[in-house]
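Annotated features, as they stand in TrEMBL:
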- ASN84, LEU86, GLY111, GLU133, ASP159, ASN189: S-adenosyl-L-methionine binding site (BINDING)
- 91-282: domain 'Ribosomal RNA adenine methylase transferase N-terminal' (DOMAIN)
- 380-403: region 'Disordered' (REGION)
Amino acid sequence: MCPDESIALRDMKFGTQDSIRNRTFCSKMVRLSIFRLAETLLKEVAAASTPAVDSALQRLPPLPSPRDLLKLYKIRAQRHLSQNFLLDFRLNNKIVTKTGNIQNCYVCEVGPGPGNITRSILQNGAKHVIVIEKDRRFLPSLELLADASGGRMKIILADIMDIDLENILPRTLACEWKMLPPPLFIIGNLPFNISTPLIIKWLRHCSKHTGPFIHGRTRLTLTFQKEVALRMIADADSESRSRLSIMCQYLCNVKHLFNIPGTAFFPKPEVDVAVVKFTPRIRPLIDQPFELVEKVVSTIFHHRQKFCRYGIVNLFPPNRPQLVEEMINKSKVNPEKRSFNLEMEEFRALCNAYNDICQNNKGIFEYNYLIHKKKYSMFDEEDEHDSPQTDVNVESGLEDHKM
């Protein structure tokens, strides 16, 4: 270690006034020292090619703990970003090992934060790791990992909701959809505020074999609020059965891996967390366009506690009641079953029947009962405000009745 590094580290340890003024310089020295250590280790084993040496290349040199890095860079979780850090190495490693064998595979991690799960991904032998992080405050700690990874890690500073993974992941990884999944995994401890919109976005891509699924049946291992995860895996007749159950299960094999108590996170969230794995199906359980399935399922679950007939009615304009009966007859679904009691086969029958009706009746698919309801409600309000003569007549009629 050079004299400047020794002085910097000494000042950090004893808390002198110089260390307070030069904290940025000190953190750079720490990073430089670790980088040099990693570089030395790589040079010493670069000429060899035995399995033991290959394993050594995957191990990271000693690094500050994630908790120490958060303190060093004065990073606090931001509530508006739903940030909760999982600092327990055993749980981070469990997420990675439950994902599957990632050795010599590409891994894309979403929302790495200070790099807690990233370390486990690198240490479990990933060939290349791409991390996508929105919060630039984590850049120094991620760069520390990248320096120590021996060129196996790339950092992208971006919002995952806006980024196109299709152009980030190498096309050389692509496999045919009917073949085994590609050597590519997506892992993420997702912020609660984007978890559901993000999985819906990816399910849409999955149905069209675009985005991260242009390479094949890319596997996802993601965290969700436990309650949301239970909806994703819920079977028919379950109280947790919801729109999300159908949308996830008709496209993917969905597996609940394990739960993580809220107390394991910092700061502690008010709910527990579940880790869920998605493996795209070779053939979807409902062979209809994603938008059609989403519309039928969402409309029927809008009246969750009522008979599914109420949802079917809302798929059609009020002046076309015969189409409601046609859909019930075509699908052969009991209209007096509630939405959460319907099996996947029954939703498939409903979607197929609705598609047939849309094909034979122009403009039906474009009909949206929520807009229609709002539109006519607005017209009623305008009638009340714009027709004072009517109001007078109504009032006079009431007065006559009272008399």
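Even glycines carry a Cβ here, placed using N, Cα and C.
Sequence features, as recorded in TrEMBL, placed on the structure.
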{"residue": "ASN84", "record": "S-adenosyl-L-methionine binding site", "DSSP (3 states)": "coil"}
{"residue": "GLY111", "record": "S-adenosyl-L-methionine binding site", "DSSP (3 states)": "coil"}
{"residue": "GLU133", "record": "S-adenosyl-L-methionine binding site", "DSSP (3 states)": "strand"}
{"residue": "ASP159", "record": "S-adenosyl-L-methionine binding site", "DSSP (3 states)": "coil"}
{"residue": "ASN189", "record": "S-adenosyl-L-methionine binding site", "DSSP (3 states)": "coil"}
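All protein chains included, LEU86 (S-adenosyl-L-methionine binding site) registers 19 other Cβ atoms within 10 Å of its own Cβ. Its Cβ taken as reference, ASP159 (S-adenosyl-L-methionine binding site) is surrounded by 11 other Cβ atoms within 10 Å in the chains shown. Long-range neighbours of GLU133 (S-adenosyl-L-methionine binding site) (same chain, six or more residues apart, CB within less than 8 Å of its CB): GLY111, PRO112, GLY113, LEU139, LEU142, ILE155, ILE156, LEU157, ALA158. For the binding-site residues ASN84, ASN189, the greatest number of Cβ atoms within 10 Å around a candidate Cβ is found at ASN189.
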